[in-house]
Amino acid sequence: MAEEQARHVKNGLECIRALKAEPIGSLAIGEAMAAWSEISDNPGQEQATCKEEEAGASGLSKPCLSAIGSTEGGAPRIRGQGSGESDDDTETLGFPSRNLQASSTGLQCYYVYDHSGEAVKGIQDADSIMVQSGLDGDSTLSGGDNESENSDVDIGEPDTEGYAITDRGPAPISMGFRASDVETAEGGEIHELLRLQSRGNNFPKLGKTLNVPPPPDPGRASTSETPIKKGTDARLASFGTEIASLLTDGATQCARKSPSEPSGPGAPAGNVPECVSNAALTQEWTPESGTTISPRSQNKGKGGDYYDDELFSDVQDIKTALAKIHEDNQKVISKLESLLLLKGEVESIKKQINKQNISISTLEGHLSSIMIAIPGLGKDPNDPTADVEINPDLKPIIGRDSGRALAEVLKKPVASRQLQGMTNGRTSSRGQLLKEFQLKPIGKKMSSAVGFVPDTGPASRSVIRSIIKSSRIEEDRKRYLMTLLDDIKGANDLAKFHQMLMKIIMK
């Protein structure tokens, strides 16, 4: 299959060079255009059939039209077909009746030969195109055996000009060319030829252009391709390849600029989006020679043509880190909520502690003002209990022993009082206090803890002012009472004012 394709390509290149050296005349091109227009208007006549004559001993095989073109007044009208195209895609083209062998503008047709040099019959392939040429001016191009078998046109029926297809003889054929006889040409030469021909293109557009695929790169061949055997009903077998569809991340790569100028009308490109640096997973398909390339080998071979997924992995790491931070924040928020609940309890505990501190301070103040009697102090040396050693761990507390520390304030010693108590049949520790230690009676005309008695001194006026300020009387009345207090001079008037003030407050 590869040898046949190489042979067809070489034959096509030879045709292109021949056409470049000896271009077809404008008259022949005009007649060919007219015939092609008629065929386009009648699709039923687009494909014609041609059966191989078994009676002939010449062993004529089906010719292959590799290229048709012109450099005079128009671009070449050539269609190259690969092994992946079907027989239904072959184009037909009509030519006028001319002595193509004698004329320099004739078509050069080639036959397929095997390695022994003999013409191969029955070649059924997408690349094989038959050329039928008769004495009239509407010669047509048809496909291979498969196309002739599937054609709806009867072989014996006349065409549009009234000639039967079977009556036509084969076109004048030049000597056969082998694969070794044709000089190979690089793809750059083909593109250069197309560019030179497209510059002087003034020929009307027929809607057919030369599609020359770039030469396959053997270094890009992948081991993942699966050969598919395809029968051709001939001596050779066509081996295609199963093209795998791969998923690669990254943007679609920009296509290289074609060296040939477009032959058709231009299209507006104002709304074309710009290239992106990254995109979602896209399918990759490589039609060249039916080979596929893995993304890893492409990255190594092209050196960064395909976008690396390092940025995608970094984004995933950032997302994971953000999710972890969010989770930690939720934990911190839950702990803060629990702390807010404990805050109220802590405040209540602080209040209770403050109250206890106030109570302790009050008790300390009261204890500091109390005189504690020390055991053994004030005892009579003649008392038998005076020599008794007192436990040092015992602390003096008031009321523990009512008989202690009373010798200094009683009229009689403790021993005499005990003996007198025993004689009376009862024990008593009471004694009469000395007069200097006895409290004086409370005077009714003097201020004491029992009640306040105002006098003409400044202390009495200060006490009355404090009573007025701490009362719940209105402010206007307080100011009025302060004014009256300043005007009072005598003790009796001050006492009456105090009585009146207490009545107002009690109301």
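Just so it is clear, glycine is given a Cβ too, placed from its N, Cα and C backbone atoms.
As annotated by Swiss-Prot, compositional bias 'Acidic residues' applies to 146-160. According to Swiss-Prot, the feature compositional bias 'Polar residues' maps to 279-300. Residues or ranges marked as phosphoserine by Swiss-Prot on the basis of similarity to another entry: Ser86, Ser151. What Swiss-Prot lists as region 'Interaction with N0' is 1-48. What Swiss-Prot lists as region 'Disordered' is 40-98, 134-174, 201-231, 251-305. The annotation region 'Multimerization' is assigned in Swiss-Prot to 304-376 on the grounds of similarity to another entry. The annotation region 'Interaction with the L polymerase' is assigned in Swiss-Prot to 361-377, 396-410 on the grounds of similarity to another entry. Residues annotated as region 'X domain (XD)' in Swiss-Prot, with similarity to another entry given as evidence: 457-507. Sequence annotations record features per position, and here Swiss-Prot assigns region 'Interaction with the nucleocapsid (N-RNA)' to 459-507 based on similarity to another entry.
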Task: Within the predicted model, mean pLDDT of the region 'Interaction with the nucleocapsid (N-RNA)' (459-507) - done: 89
TODO: Using DSSP, tally how many residues of the region 'Interaction with the nucleocapsid (N-RNA)' (459-507) sit in helix, strand and coil.
DONE: 41 helix, 0 strand, 8 coil
Task: Structural state census, the region 'Interaction with N0' (1-48) (DSSP three-state) - done: 39 helix, 0 strand, 9 coil
Open item on the list: Using DSSP, what is the helix/strand/coil residue split across the region 'Multimerization' (304-376)?
Closed with: 59 helix, 0 strand, 14 coil
